[in-house]
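Visitor: Here you go, one structure.
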Amino acid sequence: MAAQCVTKVALNVSCANLLDKDIGSKSDPLCVLFLNTSGQQWYEVERTERIKNCLNPQFSKTFIIDYYFEVVQKLKFGVYDIDNKTIELSDDDFLGECECTLGQIVSSKKLTRPLVMKTGRPAGKGSITISAEEIKDNRVVLFEMEARKLDNKDLFGKSDPYLEFHKQTSDGNWLMVHRTEVVKNNLNPVWRPFKISLNSLCYGDMDKTIKVECYDYDNDGSHDLIGTFQTTMTKLKEASRSSPVEFECINEKKRQKKKSYKNSGVISVKQCEITVECTFLDYIMGGCQLNFTVGVDFTGSNGDPRSPDSLHYISPNGVNEYLTALWSVGLVIQDYDADKMFPAFGFGAQIPPQWQVSHEFPMNFNPSNPYCNGIQGIVEAYRSCLPQIKLYGPTNFSPIINHVARFAAAATQQQTASQYFVLLIITDGVITDLDETRQAIVNASRLPMSIIIVGVGGADFSAMEFLDGDGGSLRSPLGEVAIRDIVQFVPFRQFQNAPKEALAQCVLAEIPQQVVGYFNTYKLLPPKNPATKQQKQ
């Protein structure tokens, strides 16, 4: 019998006294959460943000984990000094790790452990603290905030302000729960609208004290406090665009030094609205279908499929990297599609009978019905298609992205969260139409759609990492910003020695969040009430 998820748990991470690996500055740490499923295999679940020049980081990113009472859930927290833009960790300095179980964290509520190196020796005086909270509340708070006349902390130019939100824990300490983006060179900043779960912000208690701090960002990590204020949700939710709630930003040190001190600026809350968000399971149980489409790279760089060196060569036991990636992801996602009929396309090959290069040809060669019956149907279409085509080029992604986007756009005509589209692209390398693909992704970010890219082989995947907006919002060549991060890129070879479920768990990890994010943004509800559906079964 499968384990039943008891609840969801939020994990907050902070570290102290990290090793300093940078010359002339401090380490730029990031924490990676790994999960152990069997034996010695660990797979990456999620990462925090990177904090520059800091040996005592408090990460604002929260890890959300399903808690299974009857399963020993082994976790590993790895801390790395990130000095480059690659997603690989092997080229970053390792600052230490901590292994524990989720049960240990939950039972102690806050667990502090020394960090150790791979050899088991102490990582200097470094330690890690993991705080756990059960998530019981799906209310979120939508904020719009700005400031005016902030103190200038920079000699050359103006302050680069950002906000931090802190809640008070039961032991009286402050825990950071949200950090806004930095607004560069501006004493009257307007921050982008943002949302924080009500539970994260104040444990759902409208009268619990919330502390907001305003800082001037500095590249060297020595961020200057501009000022702070304390409030409650009861006060904050009085805000409206026509009647903002305003707070003086007070710097205590300056107030004590100067009798004439008034404030260090004013923070204005223009919107503070509490709304209830549906969960991923609310949508799935409420009738939302995940529509799965596959795009396979048939460009010449894969090598002649008849040669054992080719990425398209099917080994005597019937597999290659393309098929393994397809099975891994497809087997998970097919359970969320009622008819299990999946369109499958190839790109970058010359196809019969004209032998023209095509970038969105159906692998079953039936343009009016490109659907394959289940994942097995896609595999069969792939196998029969391979000997009938000539691998060619270039590697263009935009046609197949735009193809799926047309269906996603049609689905937006419905007034409920009835359909969401997931495109899996399996490719061996360097993308040719990067500008067109950037534009296609930015356009698709406004649609009920996500894109998974699995890179097979050992090529340079830096362009793929660029499309995966983890380092910041992707922009089109015209400067338009993607309103959501909808691309997840994973190099297949990172999972060669991992359990067969690991690739799917990694690439699909962000899909629930992307589904919920889209439907909640557009205030779309599930087609059917989940409770009603459960009663009928």
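Note: Cβ is positioned from N, Cα and C throughout, glycine not excepted.
Below are the features listed in Swiss-Prot for this protein:
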type    : residues               : note
BINDING : D22, D81, D83, D93     : Ca(2+) 2 binding site
BINDING : D22, D28, D81, D83     : Ca(2+) 1 binding site
BINDING : D154, D160, D216, D218 : Ca(2+) 3 binding site
BINDING : D154, D216, D218, D224 : Ca(2+) 4 binding site
DOMAIN  : 1-115                  : domain 'C2 1'
DOMAIN  : 124-247                : domain 'C2 2'
DOMAIN  : 291-513                : domain 'VWFA'
MOD_RES : S14                    : phosphoserine
MOD_RES : S197                   : phosphoserine
MOD_RES : S243                   : phosphoserine
Visitor: Whole-number Å distance between the CA of D83 (Ca(2+) 2 binding site) and the CA of S14 (phosphoserine)?
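Guide: Taking the Cα atoms only, D83 (Ca(2+) 2 binding site) lies 20 Å from S14 (phosphoserine).
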Visitor: State the mean pLDDT for the domain 'C2 1' (1-115).
Guide: 87
Visitor: Taking only the recorded positions D216, D218, S243, which one has a CA atom nearest to the CA atom of D93 (Ca(2+) 2 binding site)?
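Guide: Its closest listed neighbour, by Cα, is D218.
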Visitor: Whole-number Å only: compute the distance from the Cα of D22 (Ca(2+) 2 binding site) to the Cα of S197 (phosphoserine).
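Guide: The Cα atom of D22 (Ca(2+) 2 binding site) is 35 Å away from the Cα atom of S197 (phosphoserine).
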Visitor: So which other residues, same chain and not among D154, D160, D216, D218, have a Cβ within 8 Å of the centroid of the Cβ atoms at the Ca(2+) 3 site?
Guide: K153, S159, P161, Y217, H223, D224
Visitor: Using C-alpha positions only, work out which of the binding-site residues D81, D216, D224 is nearest to S243 (phosphoserine).
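Guide: Closest candidate to S243 (phosphoserine), judged by Cα separation, is D216.
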Visitor: Going by C-alpha positions, which of the recorded positions (D81, S197, D216) is nearest D28 (Ca(2+) 1 binding site)?
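Guide: Minimum Cα distance from D28 (Ca(2+) 1 binding site) across D81, S197, D216 lands on D81.
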Visitor: Pick the one among the modified residues S14, S197, S243 whose Cβ has the fewest other Cβ atoms within 10 Å in this structure.
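Guide: Relative to the other modified residues in S14, S197, S243, S243 has the fewest Cβ atoms within 10 Å.
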Visitor: Tell me, by DSSP, whether D83 (Ca(2+) 2 binding site) is helix, strand or coil?
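Guide: In the DSSP reduction, D83 (Ca(2+) 2 binding site) maps to coil.
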Visitor: Taking only C-alpha atoms and a 10 A limit, tell me which of S14, D81, S197, D224 are near D218 (Ca(2+) 3 binding site). These are the recorded positions.
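Guide: For D218 (Ca(2+) 3 binding site), the recorded positions whose Cα atoms are within 10 Å come to D224.
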Visitor: I need the neighbours of the Ca(2+) 1 site defined by D22, D28, D81, D83. Which other residues of that chain put their C-beta within 8 angstroms of the C-beta centroid, in sequence order?
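Guide: Other same-chain residues with Cβ inside the cutoff are K21, S25, K26, S27, P29, I82, D92, D93.
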Visitor: Give the three-state DSSP assignment (helix, strand or coil) for D224 (Ca(2+) 4 binding site).
Guide: strand
Visitor: When you rank S14, D81, S197, D224 by Cα distance to D154 (Ca(2+) 3 binding site), which of the recorded positions ends up on top as the closest?
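Guide: Closest recorded candidate to D154 (Ca(2+) 3 binding site) by Cα: D224.
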Visitor: Looking only at C-alpha atoms, tell me how far S197 (phosphoserine) is from D160 (Ca(2+) 3 binding site), rounded to the nearest Å.
Guide: 26
Visitor: Which whole-number value in Å describes the distance between the Cα atoms of D216 (Ca(2+) 3 binding site) and S14 (phosphoserine)?
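Guide: With the alpha carbons as reference points, the distance is 21 Å.
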